[in-house]
């Protein structure tokens, strides 16, 4: 850094230093310093020749500008300074050709779209869900009643998105699972694996138990098809929670082993059911799904029963069968029909190597009666067709995963090796460019589809499934991106799930964000997280430019463990990045090319809580309770670091620097010490619990003991003292001891969470220049003058238990931005806070109200305003909830007025100064239009709320983030006479003022004489609402009590006697013969007589019957005799 310092004082090099604490920004110039769009190939060749003609092939600050001017590339002064600092990575103010070309290469790499595709987390990172199958035996088949087809017509293909709006998780959109076991038991499940109902598929003719081989869901016609060893196809209807057998196709030539179904959502193309049997034959049943096709319910035909030969003869006109006899010589293992390519795919395993000698057609594609053979040794067990990429991925017993082009069957385009067992299932995520494969040993591997590299090996199934379970069933739900593994258990594994934009906007890191920084030189945002990632973002486009993984690591028992990044800062020229980790390690990064420049460390296993980089020096502090100084001078970088005196008695939590003046450090126990920056000597010490008390600066007991030992060692002249003993004496006292005494009393200590220097405040006795945040919620103001000290404090939070964890300010120190542990961002106007009366300025409140909607009046005083209603300074101008969890870091960009915060909820969000939400870095949603030269935010633009904040936001947060205030008209009352006011007051006090509600007073009892209040329950009834889905089924949570049987009154004896009587005892027809046994079924009909013998008048007939019933008199036939 010495060369840089000398160059900065040269008259020819007008470049000044800056630090991240100063937040000094360049002049606003609406011009980009990017060379990539201004230089051509011919100009690049001429520049190369000009570099080679220079001595040592290097040019200086002015020479490079002259070369660019000679090639018609011009920049103004401020933009050229920025460009030169970007190119000069060696920090020697000399640029050679390699540096110049490297700058161009790195710039083009930032525009590479592949950098946006790299995922922050592994494809399978969520713990699987496991539940019992509730089957009597192992599940043999899994099917899905889909709401939407996986195949889409070419005219309806749209751009795939990696997010969902939440409706996909509903049962209407995600479908219903169907599991089956061999004995014929079927169970229906919701998309979240909640049981619905149970059904049975049995043969209607055979008396022996059935044996299910395959199950296929015909989703567009609501049919579930099962095949069995009885060579039957049973089609069950599942409309309205039923399971009715609608059709049976018997006497298939061979038992069907596997099935597949293809359909379109529009119903304009015939759906196809593909059947593969044990003899290597493939059959296709086509039909139109309009009005449910052949499965439409018809009167008088509850069950259709046919044989396969009748189907071939056209006995069912809606079905169009087609057969491919002897397509394979072995049993068909998997079939698929692609409607887009109009092609049939069928595979088989050829394990008899002596018979086929490795030249077997493992997969056959049939297109318009043309066959294409994909020859694979030992055959193919499973495959997946990705129509959008025109590829087929196959897997078989040879443990290899092959990727084929459907139009080039001669050889695969890629072979993925790494499995130790035969492949049992494969599937592809085309929108994510990932291939998933599962082998016989239950190991899942994830591959990159383009790079053909291994991304992840997932072996959790080995632990969840018993080793004896080998015959497992796999099914991939492409809509929910879930892999279902069925055996004795049902296991659901989420494979790279989509982002639920109704719940979140996405994550910036895979772990909590610890530090966020803005680089004024490159105009980008750098975020560091506890996942040991460093990510460079372009805040103007929302793109991720560079991602560096595994930045800090440590090997434990042969395994490399990631170490959390806890602190970070830039060098004075903001060309390099310094990071500190939890294990005490420090690294300097050239983060434009992801190269580590230097490694350092404080005490081992002592967390680094704060780092400061000034000219020629690097200061690091943390749990070792002292400040460690590293040289940043060329030639002395790798010397031993300098340890400042240990005056702290507890771990250091935070620190900050005032350029050219001093450093402040604070601890968990509330100690605050001010240091001289140049000499490293402390000059003031305070305790935040009693900030006005003078505390003498003295070394701790460990430090005094260390000094005495060092003096004794220096005084000895003999060589008996070894170097090892000296090293031991210096290192052993640094270990933390619980018996450390504190000078400020025995009370419970108050820890310091954050400190902040105001760079524009002078070092005087009457200017407050240091903010110190306490865990009690207060922020104290100190003067760092030698005779200064505590000045004032104010409450910075409005919730009990909350406190400020991070602070920042703008370049002119007009506003203080704070982030709290409860996720709130508060902005304070600090221009007139702790300054002399002569320097206070007038505050224009109407102007502040135009910028900060929080200051506008409301009908009731909100909670955030109630806390500060008696506080004159500082003025709270904005308060809103920005995150659900603690805000760990906050920063501010001066020219566009953008506040960005990093939180424990894995996200970094951007806000306008007024509180409008701009976006989350790493979101999948479109990014707002931003520029570094204009102020962010538009008055006429409607801003949305973060989805997670929308559910918990208060009225103040809703008003600030949305920028809208709902004004309600205030009803004004006319002035009344004093007598009327007194009368109205008296009526109000007596409680009889009901004129505002009723026209006339009601009479007691108001509720009537027939109403009594129900008794209160002894126990509170808590209702647990299921919030896992996108909507809440209210009626399922209601407690419905069963109705009690009504008491039945006894039947009177008269009615019982009448009910027991038989009417046949009183009615005996004349023509018939009656059996008086009491049964009406025993009445015999009289013989039919000729028409001539029948009575002419029916009335005479009825009269004759009546006379015959009046008594046992002789009949007319007897009288004639």
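Here the Cβ of each residue, glycine as well, is placed from N, Cα and C on the backbone.
Residue ranges 949-969, 970-990, 991-1011, 1012-1032 are listed, and TrEMBL annotates 970-990 among them as region 'Disordered'.
As stated in TrEMBL, the feature region 'Disordered' covers range 710-743 out of the listed 710-743, 744-777, 778-811. Beyond the repeat 'WD' (380-406), the same-chain residues lying 6 or more positions past its ends with a Cβ under 8 Å from any Cβ of the stretch are 151, 157, 333-334, 336, 338, 340-341, 343, 345, 347-349, 351, 362-363, 365, 374, 412-417, 419-428, 430, 435, 437, 439, 445, 447, 449, 452. Confidence in the repeat 'WD' (380-406), given as mean pLDDT, stands at 93. According to DSSP, the secondary structure content of the repeat 'WD' (380-406) in residues is 0 helix, 15 strand, 12 coil.
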